[in-house]
């Protein structure tokens with residue numbers, strides 16, 4: 001449905017839901033702002049004058065709007081008489097401008113509240129560890145600087161942003177506290193975004209980048225980044241958890257079948273050795289010849305992506321491993337990104353059971369409009385898989401406003417860096433490699449890139465439910481909570497990680513902050 005009062009960037013249902021669904025009343029926003037005990041510290045800082053301006057403009061605009069509405073037939077007012085009064089009033093009130101103004105301010109309010117919450121959590125952590133109050137104030141100052149710098153960058157205030165970046169570089173240390181370390185990554189992203197800012201009216205030609213499918217395609221030219229990704233897989237439970245739950249769901253779909261086919265979108269970012277499929281082969285081999293269970297005769301895996309050389313190495317290793325386990329493996333490669341993938345590219349047999357596996361992939365085709373993702377989901381639907389397994393980061397890093405994305409990402413990656421603090425010693429070089437060569441790349445992509453260059457477009461599990469439902473998929477609840485909790489215990493995952501069930505999805509989180517979510521879908 002078209003909404004004439006919204007600009008082009010909001011002419012899709014996702015953005016309309018986000019904008020129109022906002023509670024734009026001044027009282028609600030005021031209560032949100034004033035509810036946190038750390039807010040006075042943030043609002044009193046000179047670098048956060050934008051927060052005070054927010055309140056002043058909010059009060060002024062709210063009074064103006066109320067006066068206009070209550071002004072009867074005064075100039076620019078809302079006519080209460082006549083059948084066409086309401087239509088003319090929308091034009092007179094410039095309703096489009098009000099919607100955009102209030103929605104931006106609402107998200108700014110959310111951003112400041114997130115900052116306050118993060119600061120409170122950080123302060124609580126300091127107090128728990130017996131650190132002096134001046135360190136708490138130091139952490140609060142770092143939060144304030146980051147918010148102020150993000151706002152200056154968003155406003156294209158290069159001189160003010162540059163000054164703040166200079167101070168941030170002095171305080172955001174790669175080997176400091178968890179928040180200092182995550183701040184250093186956001187400083188890199190802000191600096192890159194500021195460097196791309198051009199004066200108003202300047203025409204800038206976009207450099208045409210080679211096609212990419214995910215963040216690892218961008219980082220594939222660096223051995224350090226490949227090593228960092230390997231360490232993330234080995235040390236962090238995020239991807240391994242997704243593999244474990246996905247394989248359980250796949251095995252359930254394959255039960256009693258003799259010819260099974262998995263289409264792996266992205267082949268888990270080209271992770272060496274094909275860990276997920278080694279574990280699946282082990283499980284399939286364990287069920288062969290069991291009483292009353294037909295054994296798996298053939299397994300077919302189709303890898304979809306652009307890293308053909310890496311996929312070829314993975315395929316050869318998997319075929320050798322499968323043969324040693326008594327499984328006949330056929331490995332195929334389709335060289336294509338998801339947006340150009342066609343159903344005819346996938347070799348499918350009538351007598352096989354097909355499952356599509358997507359590990360941290362589909363968020364990369366979520367663009368400003370839903371066209372790209374809808375096209376990919378329609379293609380998958382045409383394949384008629386018995387199951388689509390979806391593993392995605394559970395966070396909102398694809399909102400329409402930069403400041404909202406920035407604050408959401410800061411909260412999300414602060415949790416990840418905090419978990420790394422609990423798992424590794426302070427000066428462990430492995431942690432530095434993961435943070436600076438893997439997570440920092442994701443952060444920089446979220447913070448500094450726009451358009452086709454921004455591929456890290458993570459969304460919450462509720463948003464994925466809406467997208468999948470609109471594409472014609474039905475949710476298949478995962479009843480694997482006991483197995484997931486047992487997996488956490490058996491793998492000695494760091495205390496603080498938890499698994500919860502969310503409307504049929506399984507979500508792995510750190511201290512109640514969702515990190516990754518696994519869901520299953522059928523046509």
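Glycine residues also receive a Cβ, built from the backbone N, Cα and C atoms like all the rest.
Across the motif 'VHIID' (260-264), DSSP helix (H, G, I), strand (E, B) and coil residues number 0 helix, 5 strand, 0 coil. What TrEMBL records for 260-264 is motif 'VHIID'.
The region 'Leucine repeat II (LRII)' feature in TrEMBL is assigned to 313-345. Per-residue pLDDT, averaged across the region 'Leucine repeat II (LRII)' (313-345), gives 94.
TrEMBL lists 354-445 with the feature region 'PFYRE'.
What TrEMBL lists as region 'SAW' is 448-522. Counted with DSSP, the region 'SAW' (448-522) comes out as 24 helix, 26 strand, 25 coil.
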The region 'Leucine repeat II (LRII)' (313-345) - residue tally per DSSP class, helix then strand then coil: 18 helix, 8 strand, 7 coil
Number of helical, extended and coil residues in the region 'PFYRE' (354-445), per DSSP: 56 helix, 14 strand, 22 coil
Positions whose Cβ lies under 8 angstroms from the region 'Leucine repeat II (LRII)' (313-345), at least six residues beyond its ends: 211-213, 265-267, 270, 272-274, 277-278, 281-282, 284-285, 288, 296-306, 361-362, 364-365, 372, 375-376, 379, 382-383
